[in-house]
Amino acid sequence: MVAREQFQVELTALRGQIISLAHETEKMLEKAMEALYNQDIELANEIIAYDEQLDEKELKINEDAILMIARQQPVATDLRRLIIALRISSDLERMGDNAKNIAKAAIHLGENHGLTIHPALNDMKQTALKMVDLSVKAFEYEDITLARKLAELDDLVDNMYGEVVREMLEETATNPQKIQHIMQMAFSARYIERFADHTTNIGESILYLVKGETLDLNK
Amino acid sequence: MAATITIEPKMHKQPTAVDEKRETILQTEDLSIYYGDNQAVKHANLDIEKHAITALIGPSGCGKSTFLRSINRMNDLIPVSWNEGKIMYEGVDILSKNINTIALRKEIGMVFQKPNPFPKSVYNNITHALRFYGNRKKKQLDEIVEESLRKAALWDEIKDRLHDSALSLSGGQQQRLCIARTLAMEPNVLLLDEPSSALDPISNAKIEELILQLKEDYSIVIVTHNMQQASRISDKTAFFLNGSVIEYGETEKIFTNPDQEKTEDYISGRFG
């Protein structure tokens, strides 16, 4: 009983664009962290340049969704599907910005800074990547159980972040000459934490899609 | 950073129209309508609210127009039509045999899909029935004509053409004249059967605006195939399918988050 085939085709294409954008933010975070740990300035610059492409893709998703709203005049779940497409693409764009900011931090730190990047940042990144993966699956299958799991992982990231920042604060007390560098590391931790927050927003969008209500996954 | 992962609803379910309580003007009780052996409406229980706009939606042949017509006994004109159940209006079952259908149709007026003005002047279209009921005072008739045309948002457009043939008006004007003609009888309830489906978008917009204004003074039941129209103007929506009421509720809910999958499929244009 599938009528409105054109609408279905367009919707599937739009969802495909979102999923691919999500995978790109994943890749950007991974590369940004690689640049940070390996003091790879060239890679960091590549990431910064790549962010522009991400912005364009977000714009394309927005335009497509708005056009579909105007032409197909969807209601109920169909309308919410397009509304969350707008929201999620904006979250993904911000996630790209967070990865870009980590790349900028890598540049600020420069080469041969002689500082060990806190290993907890890597753990935070791993969890954040898992969260992207989970949010993509939740989006793909419109699965609220998966969406809700994001809240658990977000708590994990928040806790790691709190811990890292506390340790770094202590270190600034003992090594005040390194304060600029430590700040960059703390910023990076903050960017990962924000990156993860946006994946919980995606989870909230999926809950909104399925239940038609606004719920908070990020407390 | 709370450790709990329980999800509490936040910032939603603010008091909206959903919580509004309106009086009921009409109630159908287990209403079934048949054409011969064919059951066109199956056990419908609907409370039609006063000073509200109730939209009846559903695919062709779902029973919504039959339901609408039963409210002022228009189905009586179809010989094979018969019914079971009740339609309560002001404490009376209007389906009972001793109902004066002429008087009933004054109380519960109807406007049809195609504008059907009489081939008479604008003025006489409105006064025809009034004269039939014995009102022949010119001054009074003049007042009723003006008032009805004003209520139907037509006065300013055609006040200088009152004695022109109604057939010289545009389709949209003709339809508003038909509404004015119905209003002249001072009904309580207005039944509208796809009143703007034969009109251009501007005329349609005028009719919709008019219906919203009329809500102040009348209770309105409208059959429409135009989903946007139902969602724009109605307070309550009933979705009919194969003669049954599948879902009936606040329009806001029906068009954003209906309870029934069939309703969602229909309003999303997936069948019908």
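The backbone N, Cα and C atoms fix where each Cβ goes, and this holds for glycine too.
On a predicted model such as this, the values are computed, not experimentally measured, just so you know.
What TrEMBL annotates here:
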- A:19-105: domain 'PhoU' (DOMAIN)
- A:121-206: domain 'PhoU' (DOMAIN)
* Structure fact -> Restricted to the domain 'PhoU' (A:19-105), the mean pLDDT of the model is 96
* Asked: Tally of helix, strand and coil residues over the domain 'PhoU' (A:121-206) according to DSSP?
  -> 83 helix, 0 strand, 3 coil
* Where DSSP helix means H, G or I and strand means E or B, what are the helix, strand and coil counts for the domain 'PhoU' (A:19-105)? -> 82 helix, 0 strand, 5 coil
